[in-house]
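Working notes for the structure below.
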Amino acid sequence: MYTSHEDIGYDFEDDPKDKKTLKPHPDIDGGWAWVMVLSSFFVHILIMGSQMALGVLNVEWLEEFHQSRGLTAWVSSLSMGVTLIVGPFIGLFINTCGCRRTAIIGGLLNSLGWVLSAYAVNVYYLFITFGLAAGFGSGMAYLPAVVMVGRYFQKRRALAQGLSTTGTGFGTFLMTVLLKYLCAEYGWRNAMFIQGAVSLNLCVCGALMRPLSPGMDGDGPEGKAPHHVLPAHSTESIRSSGQLRDAEEKRGGPGTEDSSLGDAPAQACQEKAAHRKDMCAFRLLKTVSQLTMRVRKGFWDWYSGYFGTASLFTNRMFVAFIFWALFAYSSFVIPFIHLPEIVNLYNLSEQNDVFPLTSIIAIVHIFGKVVLGIVADLPCISVWNVFLMANFTLVLSIFILPLMHTYAGLAVICALIGFSSGYFSLMPVVTEDLVGIEHLANAYGIIICANGISALLGPPFAGWIYDITQKYDFSFYISGLLYMLSGKESTCQCRRHRFDP
């Protein structure tokens, strides 16, 4: 559901040589590649699904801490925003440590954030434990899941990414039901503790992210070609023979063998101990040297990939597209966070408990991504026309939402929001149309940061508007208006331009 890397093969270390060596690998487009899809699918369920279900916990936090809606909404916004904003920086970990280690560490950090949040004494505590810690862990686990799918697939990459990202919709539905049940049965604190234990499955998903064979994958240190060094036993034999000769010379040659026969075992033990010390020091020095080179190379790849693209910002249409992305995502996130509270204000809690409105958005969103993607691929239809129509439908739904005060009316609007927001699957296509395929990865990383800022600021903005006006209506009107104005110039003009490097 997040547009960060859902529908492109995002690879921080792609180059023509790597792509040539990937083709003959038996796991490309088959075999273990489908395990990668399954792993990524569950990562989307555990991370994106749980984040989209945070509206359930937002209601509990309002009742527990008695803070303003604007301040409380910062908890969910920080978690969502940090997950997206840190995406480009997680590339440094991937280039240095590889996808598997990064995802496992992210799973541990995410789980720790959930568990520590169960002991929160105020909202500000949640800012650190859940917003920052769990959010950063989510980013570390989420990005490798998308990157590995892109590396394992070439011909079927779009299909694989599409299948894996449907986990977001399923996760939103499942996590909403799970969190509501856990909060009702055990309270929100125990619910977060249990969810922290469930999040440890991210480590299992990370362990499944097996890098391709050495020399055939660019996955950080785990997939690089092995260095040609002498085997340990060869080095040992050379050093041992040298030490034996030195010891023989010190003893005065072969003539003194009989006199020193009694001291031979002790000398052998000393020589063996000294040899082990030398080898340990040698291996430690070699490890430190390799780690230093790895970090330097990873940092340079990361820096050149994200900060060496100043020419992208000379493209005025791309800059306008970034401005649009700043407001687009907030219009989608705000309903997820505040709909449970809106339902309570309209006295529709009983009907919403039967089938939550956020689950309607999530389920229809899955079909929206598939249908819009199929329609956009038709030769007689322009992808930009589909993209613009979906955006127009989403804006119209945001404007109509405050006018609905019945469950049936809200359900229809939520279905429209879910279906039209399926245009996120078209984001890589229209971005490529603006900047070209060679700049797609870097340009898309910038779009992700813009979406993260949007997710970070949108829900608190809606909460502040409610604190001032005692209504959510104006927050939807303002966000929809900003969405429409920012997209007017960018989306209508960008389709007539293409970046010329």
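Cβ atoms here come from the backbone N, Cα and C positions, even for glycine.
Curation does not apply to TrEMBL; its annotations are automatic.
The transmembrane segment feature in TrEMBL is assigned to 32-54, 74-95, 102-121, 127-147, 317-337, 357-376, 383-401, 407-431, 443-466. Per TrEMBL, domain 'Major facilitator superfamily (MFS) profile' is recorded for 36-498. The feature region 'Disordered' is assigned by TrEMBL to 216-264. What TrEMBL lists as compositional bias 'Polar residues' is 234-243.
The stretches the transmembrane segment (32-54) and the transmembrane segment (383-401) do not meet in space: the count of Cβ pairs below 8 angstroms, excluding pairs fewer than 6 apart in sequence, stays at fewer than three. Within the same chain, the transmembrane segment (127-147) packs against the transmembrane segment (74-95): three or more Cβ pairs sit under 8 Å, each pair at least 6 residues apart. Remote same-chain residues near the transmembrane segment (357-376) are listed as 1, 49, 52-53, 55, 158, 162, 165-166, 168-173, 176-177, 335-336, 339-340, 343, 383, 386-387, 390, 407, 410-411, 414-415, 417-426, 429 (criterion: CB distance under 8 Å, separation of at least six residues from the stretch ends). The highest tally of CB pairs under 8 A with the transmembrane segment (317-337), across 74-95, 383-401, 443-466, is held by 443-466.
Under 8 Å from some Cβ of the transmembrane segment (383-401) lie the Cβ atoms of residues 328, 331-332, 335, 368, 372, 375-376, 410, 413, 416-417, 419-423, 426, 429-430, 433, 476-477, 479-480, 483-484, 487, 491-492, 495, all in the same chain and six or more residues away from its ends. Non-local neighbours of the transmembrane segment (443-466) in the same chain are 2-5, 8, 10, 68-74, 76-78, 80-88, 91, 305-306, 309, 312, 318, 321-323, 325-331, 333-334, 337-338, 427-428, 431, 434-435, 472, 474-476, 478-479; each lies 6+ residues outside the stretch with a CB under 8 Å from one of its CB atoms.
When pLDDT is averaged over the domain 'Major facilitator superfamily (MFS) profile' (36-498), the result is 76.
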